[in-house]
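Visitor: Have a look at this one before I ask anything.
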Amino acid sequence: MTTTTLAPVPPAPQSRHSSERLWKGTPLTWFGLVLGVILSLFPFYWMIVVASRSNDAANAWPPPFLPGGNLGENIGRVLSNTDANIVKGLLNSVLVSGTITVATVFFGSLAGFAFAKLRFRGKNALLLIILASMMVPIQLGVLPLYLLMAKLEWLNTMPSVIVPFLISGFGIFMMRQYAEQAVPDELIEAARVDGCSTWRIYWHVVAPALRPAAAVLGLLTFMEQWNQFFWPFVVLADPANPTVQISLRTLNSAYFADTSQIFAGTLIATLPLFVVFVLFGRQIIGGIMEGAVKS
Amino acid sequence: MSLDLDTAVPPGRHTHRAGHEPAPRRARRTSLTRLDLRYSPYLYVLPFFVLFAIFGAYPIVYTAWIALTDRSPMNATISFVGPDNFVELITNDPQFWNAVYNTLGMFVFATVPQLLLALLLANALNRRIPGLTFFRMAIAMPIITSTAVVALVFSVIYGRDFGLVNWGLDLLGVGPVDWRASRLASWFAISTMVDWRWVGYNALIYLAAMQSISKDMYEAASLDGASRTRQFWSITIPQLRPTIIFTVIISTIGGLQLFTEPLLFTSGSGGLSGGTEGQFQTITMYLLDVMNNRFRWGYAGAVSLVLFILIALFSLINYLLARRISSDR
C-alpha cells in the first residue's frame, strides 16, 4: 500500500542525535499532512461548488471545479421545497439537540459528581450498569422502543427523539472522570462542616469547577445529536415533521435527483456545526484527545 | 455500618454535644442532614436509571420475548413459536447471511485502512512542525458532517455518469465504474465514506496517546541506531496498545451498525434493499426491512438479537486480534 510511505524515513547515519533533530518534520511528514488536509477539506469545497451551480452544470462532463453563481437560487429552492420541509427540520433539530445537550450536561454533572465524590452503597455496581448501557446498540431494542413510542403517541413528534436520549452514560462517565481530579475532597468536606447540604455543595462548589468539562460535553453532545440519523429515520417517517437530517433523506428520495438542490441542503445542514467548529474547534479537539487518554 | 459519612464529624455525635440551639430544632436539622447524606447520591443518579429502565432495559427484555413469538400487525393473535425464528434466520435465510457478509466485508474494508491511516497521520502530527493547530483542525473537520451529508456528497462523487472519481479514472485511461452495480465497487465506495469521516477522529485519539509516550525512549533508541520506521513499529505501536484496542472496539461496534451510508447511496425511495441484488444491504438495513416492509415483528426481534450477538462476538475477536498484533515483538 502506498500509504506506508507516510512512515518516517531513517535518519542520516551520524553520531550526534539532538532531540531537535529527532522530532523534526521530514518532507514525507509534510507530504502526508498536506495530502491529509486536502482530502479532509475537499468534500466541503465540493459541496460549495455543486451547491452554487445550476443542475446542468453540476451534471456536466468534465465535472465543474469552481463555484458558480447559483448558490442563492439553490438555497431558495431547497428552503421552499414543500416535501423536505427543511426550515422546520432545522428548527426541530435546534430544539432536539439543544434540549438533549442541556439535559445531558445537567444530569451528567449531577450523577458524575455523585459517583466521583459521594459515598453510597452499590456505587460500583451502578457504575457498571451505566458502562454496560453504553455498549448496547439501539438496534437491539428498536422494535419495542418503536412500539412504545406508538403507544405514547409520540411517533412523528419530537419527544420520540428527545426523551430517550436526555441522559447519556457517556456524559456521566466523562463528568465523573473530570470531577475526580478537579474537585478536591477537602473543599467538599469544608463545605459540609459549614453546614452545606449536598445540593448546595453541588450547585456552589462542584458545578463551577466542572464548567470546562461541561462545555466540552455540551459541544460533543450537540454535534452528535445534530447528526443523529438512524432513530429519527425510524420514528419520524412523516416528512411533514422532520429533523434536518430527515429532510436531507427526503430530498434524496425524490424521483428526480436534483443534485444542486440536495447539495444546497447538505450545506445548510452542515453550516451550524461548521460555525460551532470554527468557534470552539480547539475545545472539541481537546475534549476528544483528553477523553482518549483517560479511557 | 460505615455508610455515607462524608462529614468530618459523624452526624450522630452532634446530639450528644451541648449546644446553644434549642434541642428539638437541632435534632430536626441533624436528621435532615442524615437523610440528605444518605439519599442524595441515589437521587442524583436516579434520573439516568429511570430513563434507562424505560427506554433501554425494557425494550431489550421485550425484544427477547418478541423474538420467541410470531407477532405481527397482520396477525390477529400472537402465538409463542419458541426458537423457530432463530432457526429460520440461521438455517434458511440467505438474505440475512448476505447482509452479514456485506456488513463484515465493509467493516474490514473500512476499518483496516482507517486505523492505519490514522496511525500514520497521528505520527506526522506528532512532529515539531509549524501550523500544528491548523493541521489538527483541518484533519478533524470531517467529524462535523453527519453520516447523511457524507453519504449524499460521496454518492455524487461516485456517480456513474458524471462522478468525480470516474472522471479521474477516465484521465488515467480506466473505463467508468458503476459504483453501485457490483459488490466490491459498492463496498469500496461506502468504505471510503466511513473512512473520510473517521480517520481524523482516530488520528486525534492516537496523537493524544503518542504525546504521553516518554521522549527518552525515542532518544535512547535513536542513539542505538534505530531508524524512525523502526522506532514507529517498536516503540510507538506497542506503547499505543491500549489505545489501539480501544479504537478497534469502538470501530467494531460502530462498523457493524453501518446504516446511513449504504441507505443513501441509492437515490429514490427503497434504499433499504441496498442495491438491485442487495449487494450492499447491511444487517441494520435488513432489520428495518423485516420490521417495516414485511411486518414480521417476531422475526425482527430475532434479527436484533443476532446482530447484538455478532457485535459482541466480533468485539471480542477483534480485541484479541488487536492485543496480539500490537503487542511487543
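Cβ atoms are placed via backbone N, Cα and C, with glycine included.
Feature annotation from TrEMBL assigns region 'Disordered' to B:1-27. Annotation source TrEMBL lists transmembrane segment at B:42-65, B:99-122, B:134-158, B:240-259, B:297-321. The domain 'ABC transmembrane type-1' feature in TrEMBL is assigned to B:100-318.
I'm curious about the neighbourhood of these features; can you describe it?
Guide: Counting residues 6+ beyond its ends, the transmembrane segment (B:99-122) has Cβ neighbours under 8 Å at 139, 183, 187-188, 190-191, 194-195, 198-207, 210, 237, 240, 244, 247-248, 251-252, 255-256, 258, 262, 274, 278-283, 285-286, 310, 314 in the same chain.
If you look at the transmembrane segment (B:134-158), the same-chain residues 6 or more away from its ends with a CB under 8 A from one of its CBs are 121, 125, 164-166, 179-180, 189, 192-193, 196-201, 203-204, 207, 259-261, 263-265, 267.
Listed as Cβ neighbours of the transmembrane segment (B:240-259) (distance under 8 Å, sequence separation of 6 or more from its ends, same chain) are residues 103-104, 106-107, 110-111, 114-115, 118-119, 147, 190, 194, 198, 202, 205-206, 208-210, 213, 282-285, 307, 310-311, 314-315, 318-319, 321-323, 326-327.
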Visitor: Take the transmembrane segment (B:42-65) and find every residue of the same chain, 6 or more past its ends, with a Cβ under 8 Å from one of its Cβ atoms.
Guide: 301, 304-305
